[in-house]
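Record features, source TrEMBL:
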REGION    31-55  region 'Disordered'
DOMAIN    166-246  domain 'HYDIN/VesB/CFA65-like Ig-like'
DOMAIN    276-370  domain 'HYDIN/VesB/CFA65-like Ig-like'
DOMAIN    384-476  domain 'CFAP65 fourth Ig-like'
DOMAIN    691-802  domain 'HYDIN/VesB/CFA65-like Ig-like'
DOMAIN    814-885  domain 'CFAP65 seventh Ig-like'
DOMAIN    927-1072  domain 'CFAP65 eight Ig-like'
COMPBIAS  971-985  compositional bias 'Basic and acidic residues'
REGION    971-1002  region 'Disordered'
DOMAIN    1075-1266  domain 'CFAP65-like ninth Ig-like'
REGION    1118-1138  region 'Disordered'
COMPBIAS  1118-1135  compositional bias 'Polar residues'
DOMAIN    1273-1386  domain 'CFAP65 tenth Ig-like'
DOMAIN    1441-1514  domain 'CFAP65 seventh Ig-like'
REGION    1564-1598  region 'Disordered'
COMPBIAS  1584-1594  compositional bias 'Basic and acidic residues'
Amino acid sequence: MITAGRISQSGAAGNTTIHPAIVTFGSDKSVEDAVNPTQNPHPPSLPGKQREYIPTPSRHDRRLQFGIDCAELVHFTHWEPGGEHVKHLVVKNVVMKTQKIKYKLPQTRYFSMEFPETVTLSAGMNWTVPITFRPVAKENYHDVIEFTTSFGKFYVPVKATLPEHVLEFPETVDFTLCPVRETAKKTFSLKNVGELASHFEWAIQKPFAISPRTGSLTPGSSLTVTMDFKPEDASVFGATAVCTFGDRQHWEKSKVQQSMTVYGLGKFSFLAIEGNQKIFDFGDVFVGRSVEKKFVLQNLSAVHANFRIKQPESDTDPYFEFSTLSGTVPSGQSMDITIIYTPVAAGMQSTDYYDITTLSGNTIRITCSGRGIGPKVTLNTNVVNFNDVPAATTATRALFLQNHSPITAFYQFLTEANGIFRIDKPWGSIGPHSSVALTVKFTPFEPINYYRRVYCLVEHHDGLILDILGTCYNDKRRPATFHQKHIENYQIRKKNGLWSFGPEQLEEMLKNGTITCNQGVLSWVDPGQANMHITKNTVDSTYEDCKVASEYFYENTGDSEAVTLVDTHIDFGSCSRYRVIDCQYIRIANNTKGKMSCVWIVPGENSGEEPVFTVTPVVADILPKSTTDFRVNFRPTIDNSIYGAQLECFVYFKSMRNFRLVNQDTFTPPWCLTPMVTGNTFSPEQDTFIPKIDFGATRLDFPSCHVDKSVYRTVRVSNTGDTPVHFAILDGGLTGIGGGTALASLGGAAFTVKPRLGLLKKNESRLLVFRFSPSEQRVYEQALKCSFNSSAANSYDLQMRGVGYFPHLTLGTQNTLCFKPTCIGAVAKRTFPARNTSRITVNFEWRIPRQYSSIISIEPTSGKLASNSAMDLVCTFAPNVARNWVIKLPCYYHHELREPGVAYDHQWSPDFSQRRTTFSVVGQGTYGKIVAQPEVLDLSAVLVHSLVEREMILHNPTECDVVYHLELTRQRESKTDTDDGKEGDEMGNEEEGEPVPNNVNDSGLEIVQKSKILPARSHQALRVRVRLSEQVPYRYRVYYTLEPQSLHSSPSLLSLATESQRQHLCDVLAVGVHPLIQVTDIRCEGFSKSLLWQLFSLHRFNNLLSAVDPPQISSLVQEDNSFPTDSKSEYSTPDQKTESDILSTDFDFGATPVGCQPTVYHLNLRNSGVVPVEWVFYFPNDLEIEIEHWADPGDYTDEQLHHNLIIDNELFTISPKAGWLDPNEAVHVTMTYSHEFAGLHKLPVMFKLKNGTTQSSKEVMINFVGYSVPPAKKCLHFHSSEHTFQPVSIGTLEPPVQTYQLMNRGAVSLEYTLDLSPLEHLKEENFNVEILQCRKRRGTIAPGHIEHIDWVFRPLEIKEYEVEIPITVADGKSRSITFRGQGVQEMVDLEADERQDSKAYSDPIPSVQELDMPRQMALLSRERINFGHIPLNATVRELVIISNTEKEADVSFNWIIPSSLAEILKISPPSGLLAPGESRVCRLSFTPTNEPRVYETDVICEIMNDTELAAYNEAKDVIDTARREGRPLSIAIQTAAPALRRDSTRMSVAAGGSQHDLTKMKYRTLPPITPPKTPSGTLSGRVSETEAPTKEGRPISALSNTSDISLFPGLAPAPEPFHLFLAIIGRSHPVEECRRLYTGYDNFFHERKPDHETAPIESQTFSSPSARVLLTGILTSLLDDVFQDQDIQILPEKMRHEPLPYYVQIATSRPMNGIVLDESHAADNRVHEHVQFDSVDGVIGMEQNDPTNELNKELGETILSTSEFQNMVETVLEGTIFNLMQEANLDEFDMTKHQMAIMR
């Protein structure tokens, strides 16, 4: 970017600083580097000595920084080489401090100065420094002078330049924001600051423009340049304006370019009307008044907006005026605009459109409408009847004229002041909302009936009609009395075509029956004659609001008038009263068939004055169908005067002169003819009076009118002078006084007036009625000349304007409406505009063809459109066939509504107004369809009572919109659905299901539809809401139905057919689940999982948690917020269960001596459900309500005191007490029981499962029970007061032996005794059969041990047996235990598919350890081995892997098998050593013998840390040696320092153990108590250390009591072993029973004994099933006794040591002892060919029928069937498989890898 101001060659300009630079002088480049600070911000160092950076500040900065004021630079100009030029630099001290100043000479020799000396400048002092310049060549010179002051150093540039072209202008011009398509202007100054005249040329790209583009500037002159910016779109614009300037004569050599950057941003301007008001309806506005409406035009854009208001149509009326038609609205501001509406004519409806446009394209169309109205004036009556009045008398009637509008109304009654009927105020004004009282007088002289219709004209309003009638009589003649009804009857008679007949003819016709009379109304009897006589009146066609004006205009004209005034106006012109004035004639025509008479009434003749105008004869008869002339004479009395009068002629049928000649049915009213007569006495050469006339308007605009119709306007003209004025309006050469004439009715003149001429008396005003009747559609404009006093000089032009229109209606876009494809049975609606483009009202009516009436409709079917207005119509399309539709609908429109039922006669009056247009509707009928994605919405598990929402997408793949309705059905989940998804889906498609409402509260499922319409080719997201109430599978089927629609309220056949079609849409699957937590593991060091599972009743606890909708414990909590508890104090389970006990369980923390360390139990809570769950333990105090301090809590009960003791001392603690678990997530919960207080401790704890977002929750009451045993007190633990044996089949000869456990939880041994007398009583009740047998009555249990008591349950019947056995402890209490057993039906002869799986033995306790104990050193792969159902003497095997979890220590393991399993359970290896991280596979061989039994026994695996034990033994040996040698123990302790300082906490009580300090406790807790030697066995749940075997011949953990090593505090106690428990689960059965009831018997291995002959199965012995079972049992028992005999078992021992020959293994036909050999071997052995090799010639020979082969075969079968061979094969296979498992455990091969097959 070029620096603004000057080009680069010009050096610094303005405030530009120059940095010092010493370069090769005379070089242009050096000049640029020296003077341009932007390109060289750090000046280069001067040649020679390096100088520090010295600034070159501006003059202003120099004053502030250094206190020195001097010139910016020293510039030499206008020099020549070889000369000497001197300039003086003035240096001034501008600070208050004295400064010492010194300068250094310039570096170049071209600038010279005096020898520098230090100068002292006081404040305000100057110092002048001369500088001499001596150039040697024409080139630029630059240098600097260095000044040193008291405040620092600075440079002053010195330069000498050649003359050059330099123009100065700004670097940038920024237009900022500019409206699109508008021009923004900016100016800047272009100045020549050089020494040469410069010619310049500008170049810039669009949308920028610059003016002037070229020009010349002399040195020092300037020019204002204008730049334009006109963006065409909303974008950011940037351009570079390049100014090229130089010497025009040497342009190419001297031109220099300098650029200027121009920026601009185009923005669209946007205007809006506040409130979005676009329609301004002024309503009804009185003519002559103006109404204003304002709107606010807001600029919502970031740029100013220039706007214009214009009319898009050319034929608009100028009745709406805007306060401003153009302007500018600044950004973010607004402008108020006023619309003024001034109507000019009553009944004029104005509707115009105006566009507010901006150049940016923003257009706002507003609609202005209004209607001009006049005042509303009414008469209190339309008829004034004077009835019978005597001749030459005056009758008076009152009349009121009321003005109901808020403006003044002017009126005029068209009567003469001296006529028969006179009104005292014939014209005048009525104030707003006021009335005028008028007096009507009637003074008749001729005895006839008088009737005149007087018109009351109202300005800007249609006129009023006043019928005045009366009857005059005298003594000689009395006509019939005249009534208003006679006038009404005559009007009807006239319409019926009887106007041309006189009363005599009518009476004759009545007698003849030609006509008939109905209530005074005469009509033709024959309709044909009626049509012949009825005259079609085509005089005028006007509007309802112009009826009176039209009637007045066409008064006494037309073919149906009985009497016609041929000459309506007579003008005598200019006459002289001194000459005889020629008379004029008036003709009256009688158009009827009856004889008439007439009477002339001349104004003023009855008042005594001599009338100016006279008529002769005054009374005359007029023959039927003839015309009579009457002579009119003019006798003026005053010169230079104007005369005028309206004559009255009353015409009547002559037969009506006497009432005796009148028939009321044929009564005919008279007619009043009013010709106008005028004349004057001015001489033709003499000027008349100067008229003073005031017209209400000089321009008359008529409302728009239909062609061949008429509209009227009333205009007031006033004579404000004091002389009468005669006026005459020239309207196209028409004669008469004006009004309707033949020429006018034929369309000869568009504008006519009545009266056309008349006389205005002084200060008189009267109303003129103007008529506009267009004959074609165009604009009519005409000037009517009105002359006054028959003088051309006194004339007035009235401008008339009117527009004739035909109705015109446009529909939609080019009268076509297109529908998008529509579904069959659906209805599509579209709105289209109907606009009346004419200025007259248009009424339209749709006539839809009958064949399309059920397919298409348009609403509304008819309507009315005001002038230039529009209406939105709704077209409805309902196709019934899939095809393309093109329907043409006729629309008839016309100007006026036709009366219903009245036919229009086109012959007499063609209907040019009614027109027709065709509207085309294009559409397509198609079939609709919707699909759902996904088709199966599987919500999987849903928390019961929780609201789950999912989204389902509906897709409409068709071309039409679909209106659909969803229906839901629910189907119950069947087994087929669960087992086989495919079959279940097919079955679900066939099932109808149960309809359910689409409501989540009622049916569990709700599909929320935002809209029932799915557009074509679109998607719609539906919210699927599910709230399940049961824990069962739910399957919903969703159907959709296309909603039928029709054009009419009653459904069509198509609708009914469509409604019945229901389509499948999708399926919604869900499974209701409850929040579920299960205890999957429990730990306590020294206790087996089986025992802990039983103590904590975890099976019941898990069942309560998994129960479906259990009742809430909260409902059982008492009002004082105390828990339901058991009040018994004994350490046992209550006998009777309350309601709360059903939902409760016990956590038995066992019994421990007082003072022991707390017992810690570890539970693993796992969320085994599929929904997150929140869990919490509530202690009793957690649910207590905090009461106010002033409240009396009352006395605490013993139970509450007991709870408070437990809670306050934290005897039971839980950590954590609450938490949140996601699915399959687990938490480690620690429960601790402290033994600080002796006695039974029981605390109710509520365990609650809840979900934070739902109301679904479960509650289980847990009784924490623990017993701290006092010293020397016996404690026999009964976990439950009931015990249930496993069910046993009736008739079983060998029922299984079942075990009942007794636990000694005290610190001393105890003796127990069972009272078996109830068994004898039970035996007596069951036919002396021993149902229950107890094999041990009494015994002794060591502390912490468990006694297993064998029971045999042998039922006789299918029922439940129950017996209570008291158990007594020596020196203790007695406790009764209820034993129950259920006898079940024996299963006999079960089919193979009915037998149970032998491995399906129920075990609810998990077999895998999930919790890690703190001191646990090894881990078992399985903690429970379930052998299932096993036949006696069968051998089953399992593998268990034991792993060392220590990272640095070696551990050893040793299996301790209880004595009850010592003979039947073998574990190999029984012990071993494991390196860190090593694992070992142990083989278990289980062979139940003797008798059937239910096994659930724990095998202990004792784990010892050998590394710690070796260190301990080493330290112990050192201390023993030192004591033995007599050395000081302190030295020995130092020698054994590593072992002595070993962290004792490693062997102390960990978080999961129950170890105790023996040196501080009087009694040691379980299991350290050593049991006595009793024949009942040892502890199976917890084992003491003294019971463990020795390793390497000495005890592992025993120290000599005499060593007193424990007295040394530095030596940690001996490492204690850690016990792992392996539970053995299973049940043994007799062989035959196991074979009969369970599958897989042949897979069991039986150690074979020598075979014996058996009886054939077909023997008669086995014919009876019961006998066969009995015999089988007896033989089995006998054989077992024989085989178990020791002598018998010793016999085959000798045979086992004998060598056996090797034979080819030949398979038998059935499996033996669970070993099945390949059948191919047997097949090969049946081949009777023997293959041998010939050693001589190498030829293979075949010998058949070799007796040796037969012998080998028989011998092989014999060997295979022996028990020795079977046992050997089993042993080999077992060893092989075990070796493979060992290798797999050592990662020597991968068992999961596919084996390779070698193909050859």
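Each residue, glycine too, has its Cβ placed from N, Cα and C.
Unlike curated records, TrEMBL annotations are generated automatically.
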Under 8 Å for C-beta pairs, could you tell me which stretch among 276-370, 384-476, 1273-1386, 1441-1514 has the largest tally with the domain 'CFAP65 seventh Ig-like' (814-885)?
276-370
Average the per-residue pLDDT over the domain 'HYDIN/VesB/CFA65-like Ig-like' (166-246) and send me the rounded value.
93
May I have the DSSP-based helix, strand and coil counts for the residues of the domain 'CFAP65 seventh Ig-like' (814-885)?
3 helix, 37 strand, 32 coil
Reported in the order helix, strand, coil, what are the DSSP residue counts of the domain 'CFAP65 tenth Ig-like' (1273-1386)?
9 helix, 56 strand, 49 coil
Counting by DSSP, what is the helix, strand and coil composition of the domain 'CFAP65 fourth Ig-like' (384-476)?
0 helix, 59 strand, 34 coil
Could you break down the residues of the domain 'HYDIN/VesB/CFA65-like Ig-like' (166-246) into DSSP helix, strand and coil, giving a count for each?
0 helix, 52 strand, 29 coil
